[in-house]
């Protein structure tokens with residue numbers, strides 16, 4: 001690996017060394033000290049400050065900080081290691097948004113996923129997670145002394161995450177109130193949220209480990225040169241996705257559903273089109289049915305809440321009399337082809353992480369985040385205006401650019417608030433949630449904690465711990 005430009009090299013710890021956390025772990029990354037940053041007499045990596053409550057205390061206000069002790073002894077002060085708090089806060093806000101969406105989505109349409117075309121608040125959760133994974137990888141893999149060992153560890157972590165997703169979202173747990181578990185492997189859902197993150201994480205980590213230039217970085221355009229191979233991979237992925245989405249021929253297809261009394265009903269979906277992006281005849285769904293098998297797809301598709309499929313749209317409801325035949329067909333929002341585009345979101349986040357590594361001044365970092373963020377938003381709205389609509393289930397290119405642009409703006413804002421001006425106290429809850437994001441996702445978003453609570457009851461399942469504490473069964 002080549003070295004960065006003199007004076008611009010970051011101090012983020014390499015994976016598994018120097019106290020740094022492993023790639024993808026919750027927090028623990030070091031933040032490069034900036035020349036125009038206020039001096040902090042604190043090691044944020046250790047989380048111990050000069051003030052109360054573990055918050056950083058600005059130097060110069062009494063007490064013997066490291067700089068004063070160094071001055072008294074004549075030694076040069078050691079550079080302070082600071083954790084990138086904004087990364088944890090961003091992840092924590094995303095976790096909180098995910099929880100709110102899960103609980104409020106059924107009552108507030110704007111907080112629920114869009115039935116098809118268009119973007120709501122809920123549609124930002126997944127790309128926000130992917131974006132921040134990319135940012136973290138840019139810091140964790142700043143130095144890779146052993147590429148083969150780093151590759152092996154990245155593969156193992158991705159496999160662990162993928163397998164965890166299979167257990168949590170594959171149908172093993174049967175719901176909060178059923179108190180049963182187990183899944184028929186012939187019908188297990190193969191893809192899901194953690195599986196998508198695992199795929200994006202692995203491909204992005206491999207790009208960061210193996211596809212780096214050795215050019216010096218002095219300006220924003222130098223980043224494009226140094227990481228041109230990663231950008232080339234992202235472009236190839238996006239072009240391949242666009243070619244498949246808009247040129248693949250989708251023939252007629254058939255599926256079965258089980259009605260009352262376990263009677264099966266067959267439905268024929270007439271397509272015979274090429275480049276269609278409607279719910280029933282798109283290439284994304286067709287490839288999932290062909291490769292994964294329709295029995296392994298998500299059984300409650302988001303388009304069931306569309307006007308064509310629900311009289312209570314945008315909420316679930318009875319089918320209209322003239323409902324299309326595809327309304328009850330399985331469709332996986334985290335399918336194969338759409339997960340390919342998720343890699344692009346993660347690669348974009350990776351480039352934002354590179355900005356932290358190669359630039360020391362806050363102004364340089366923020367400007368190198370704001371310019372591409374606004375550019376992606378303009379391009380996304382232009383594509384949507386021209387008919388290439390933002391669509392989360394298909395993970396279209398316009399959706400990718402729009403959500404990545406918003407993620408970049410939000411990250412820049414959090415960085416300014418937390419890491420530049422030091423306002424950590426208002427965001428301490430978000431920071432904690434960000435450091436424990438996976439645990440919160442498993443326990444709350446995947447209903448493991450509610451299932452656990454419902455599992456302890458007296459004589460009858462309805463007499464569970466929730467009823468005992470007055471919440472009700």
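Count begins at 1; order follows the chain as displayed.
Quick reminder: no glycine exception, Cβ is built from N, Cα and C everywhere.
Annotations in TrEMBL come from automatic prediction, not curation.
Of the given residue ranges 54-73, 154-173, 254-273, TrEMBL assigns the label transmembrane segment to 154-173. Matching 10-28, 29-47, 124-142 against TrEMBL, the residues noted as transmembrane segment span 124-142.
According to TrEMBL, the feature transmembrane segment maps to residues 231-249, out of the candidate ranges 174-192, 212-230, 231-249.
Most Cβ pairs under 8 Å to the transmembrane segment (336-357), among the stretches 124-142, 396-418, 438-458, belong to 124-142.
The DSSP breakdown of the domain 'Heparan-alpha-glucosaminide N-acetyltransferase catalytic' (83-206), given as helix, strand and coil counts, is 80 helix, 5 strand, 39 coil. Looking just at the domain 'Heparan-alpha-glucosaminide N-acetyltransferase catalytic' (83-206), the mean pLDDT is 90.
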